[in-house]
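A.B. asks: Next up is a structure, given as structure tokens.
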């Protein structure tokens with residue numbers, strides 16, 4: 001009977017939730033009309049598979065190209081007051097900034113260390129000094145939010161130190177932490193990420209949770225009090241490790257809290273959600289694939305004890321209701 | 001051992017030792033017990049009682065499919081004896097309840113069929129063949145066991161063949177077997193694609209003509225709004241998933257758009273793809289859409305299997321007299337796991353072996369035999385004795401020439417040992433699966449990670465939880481899990497078995513050498529499998545089976561004890577899209 005399934009294999013592509021717009025070629029004409037903040041994710045247009053020598057087609061293509069070009073060539077400006085200066089600290093392989101301003105990101109990134117932890121010691125400015133982890137710095141530099149400087153020496157006429165290029169930032173931070181080739185990819189700008197601890201992904205057999213992730217709109221998240229994360233991400237190297245063994249998964253799942261789905265969830269939802277879950281970020285030379293791993297408890301859902309019909313289980317052939325007694 | 005499951009209102013009698021340790025046999029499907037009698041009462045002949053209905057004009061009713069809820073009301077081929085319901089409004093029902101209860105205590109009814117289902121083991125195909133039509137239907141209807149050899153899964157060959165011969169004889173309409181429906185749908189889909197391509201070509205031609213000034217804009221756009229609308233509907237067809245269900249919607253949508261009904265429903269428009277439609281009047285464009293093959297009840301995709309042909313049609317028997325010339329050449333083939341489950345766990349299947357007149361083998365022997373046939377050629381527990389006296393064939397690691405093999409087969413004497421395939425050639429002197437060489441007792445047992453054992457553990461596990469579990473090779477998985485059965489809903493889960501060697505024994509040097517599955521799967525493999533499953537709207541379940549250490553000299557081994565040592569853990573894998581998880 002599996003052939004029946006085979007016959008209705010959806011030929012329209014993956015289900016909606018699996019569509020990743022970043023993997024699609026898009027019609028960029030929507031950018032020409034996009035104004036302000038009301039930009040919606042475009043609908044995918046029709047795909048032309050070959051040129052058919054009509055002016056309509058070539059005009060459409062030219063318009064789309066021009067729209068993309070215009071959008072990319074839009075001049076981006078950094079207000080001089082809004083740039084935050086950060087200084088590289090070679091000993092700790094981190095960077096610090098004093099009272100950084102100019103971006104809402106600072107409300108959720110970086111941390112102020114306590115007396116004993118601050119690498120620069122407990123001077124008077126410790127309270128204003130915000131420390132950034134390597135991946136945080138690189139993300140901010142790539143974004144243009146932070147102007148990163150080399151540590152100032154006596155020879156510099158400017159006490160702020162020489163500006164550090166993006167390449168230098170990569171070289172410095174990556175040189176310290178080995179195997180972080182995909183560092184920038186770990187941080188997705190759409191989400192608010194806070195590392196549990198500055199952990200580097202391990203190449204040994206054990207898989208550990210590397211990051212706790214909160215959604216961007218998370219109301220509960222505060223820097224001082226994180227609250228439970230929305231997701232937990234474990235980073236693994238695709239080339240150094242293999243698909244997880246039972247031991248690896250058991251020990252990884254053992255570190256996770258018990259998070260069952262709602263009790264009134266439907267059967268398939270319950271099973272797919274599982275009662276413990278983690279997201280694996282499989283990194284292959286900078287390309288990341290995310291897989292959600294959940295500990296499904298099939299043994300808890302005994303179909304023969306369920307009173308109702310399962311989801312998707314249609315009433316047999318005849319369909320319709322009210323065919324029973326008393327009609 | 002007798003299990004009285006009063007919670008389910010079910011009494012199931014089981015043979016000794018049939019229930020295994022950590023996996024329990026699902027005994028009944030209470031929900032179906034509740035629904036089945038109702039259905040039976042309401043529709044004694046499988047047709048609804050409409051006699052007392054006042055005659056009023058009704059829309060033509062759809063042709064009914066079989067009542068699957070009734071046909072497949074039993075989840076397993078066991079008879080259940082539920083206690084009757086007690087209705088407080090009807091005190092006499094209490095008496096009836098007591099009567100049935102006491103009679104069950106005094107004379108427990110048996111759950112097993114009066115005669116066991118018969119199958120015979122075929123070493124060549126490594127499956128169990130069931131040839132009795134009654135047994136085939138029983139095993140299919142109660143639990144969806146097996147696959148019919150000449151059909152997709154449900155045995156429909158004989159019905160299709162009769163209908164075909166009948167259609168040839170008197171030109172009547174064909175039969176609605178699942179395979180026929182599928183073929184019709186494929187043809188319909190092919191015509192639709194041709195027509196869509198043609199419409200697109202026309203559109204481009206018209207655009208070109210307009211641009212070259214051959215056609216004035218007014219001329220071209222005169223039927224414009226309608227034409228573009230239709231074309232848009234056409235391209236909508238292309239965009240939205242053109243599964244068959246949507247096809248119907250679109251066809252209905254076209255009807256609603258005011259296209260003349262006679263064009264839609266009565267005219268038999270057959271599209272010749274090569275014929276150019278000269279003008280482009282919108283109604284013609286629509287009419288040429290291959291909507292004719294869509295019957296008003298054409299939701300073929302939603303009727304997973306229209307099943308036994310005309311089973312509910314009360315006139316069917318008169319119309320279709322069995323043709324004496326047709327012999328049913330179809331049999332049901334059970335996989336080794338299904339057969340072992342039916343034989344060992346349920347005790348309803350009796351397996352015969354060729355040339356074996358003695359009493360049926362013990363479950364342990366059966367398990368060992370099936371495990372032996374899990375790989376081809378079946379491994380030898382003892383030193384293989386040469387079946388063919390052609391010593392040159394057993395060349396040490398030289399590639400065998402195909403001609404040499406076929407010669408050997410042709411000249412080989414018939415093998416008398418029924419458990420071995422007659423095509424066996426001692427190509428490899430060493431057994432394929434390494435066996436413990438030190439222990440004489442455990443030599444009789446298959447390796448703990450034998451593929452049959454792992455498959456059976458998983459099969460038994462999910463069957464016990466109430467799932468209908470069927471082979472999933474076509475989906476790149478080991479098993480597919482159906483809720484209630486394939487005729488009711490599509491499979492939601494695809495299971496892949498992952499043998500897991502966590503026992504310390506497997507870390508020793510001998511243990512490592514004896515692992516059947518060596519090496520780990522890489523992440524690319526996992527993504528591959530997962531992509532395929534999400535493409536067919538299934539969810540991937542990695543089923544880790546913890547393989548125990550081999551049996552160390554324990555003489556007292558039974559199947560339940562053997563299976564109890566396995567542990568199963570299911571891990572669900574899904575892609576996680578960052579964009580979709582932001583809220």
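Each Cβ is built from the backbone N, Cα and C atoms, and glycine gets one as well.
Heads up, TrEMBL stuff is auto-annotated, nobody curated it.
From TrEMBL, here are the annotated features:
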{"type": "REGION", "residues": "B:21-69", "note": "region 'Disordered'"}
{"type": "REGION", "residues": "B:216-249", "note": "region 'Disordered'"}
{"type": "REGION", "residues": "B:286-325", "note": "region 'Disordered'"}
{"type": "COMPBIAS", "residues": "B:310-323", "note": "compositional bias 'Basic and acidic residues'"}
{"type": "DOMAIN", "residues": "B:452-546", "note": "domain 'tRNA intron endonuclease catalytic'"}
{"type": "ACT_SITE", "residues": "B:482", "note": "active site"}
{"type": "ACT_SITE", "residues": "B:490", "note": "active site"}
{"type": "ACT_SITE", "residues": "B:538", "note": "active site"}
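Set these features in their place in the structure for me.
C.D. replies: Residues within less than 8 Å, Cβ to Cβ, of residue B:482 (active site) and separated from it by at least 6 positions along the same chain comprise B:144, B:467, B:468, B:469, B:470, B:488, B:489, B:490, B:491, B:492.
Mapped onto three states, the DSSP output places residue B:490 (active site) in coil. If you draw a 10 Å sphere around the CB of residue B:490 (active site), it holds 20 other CB atoms from the protein chains shown.
Taking all protein chains in view, 24 other C-beta atoms sit within 10 angstroms of the C-beta of residue B:538 (active site). The secondary structure of residue B:538 (active site), as reduced to three states from DSSP, is coil rather than helix or strand.
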A.B. asks: For the domain 'tRNA intron endonuclease catalytic' (B:452-546), DSSP counts of helix, strand and coil?
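C.D. replies: Going through the domain 'tRNA intron endonuclease catalytic' (B:452-546) residue by residue, I get 39 helix, 24 strand, 32 coil.
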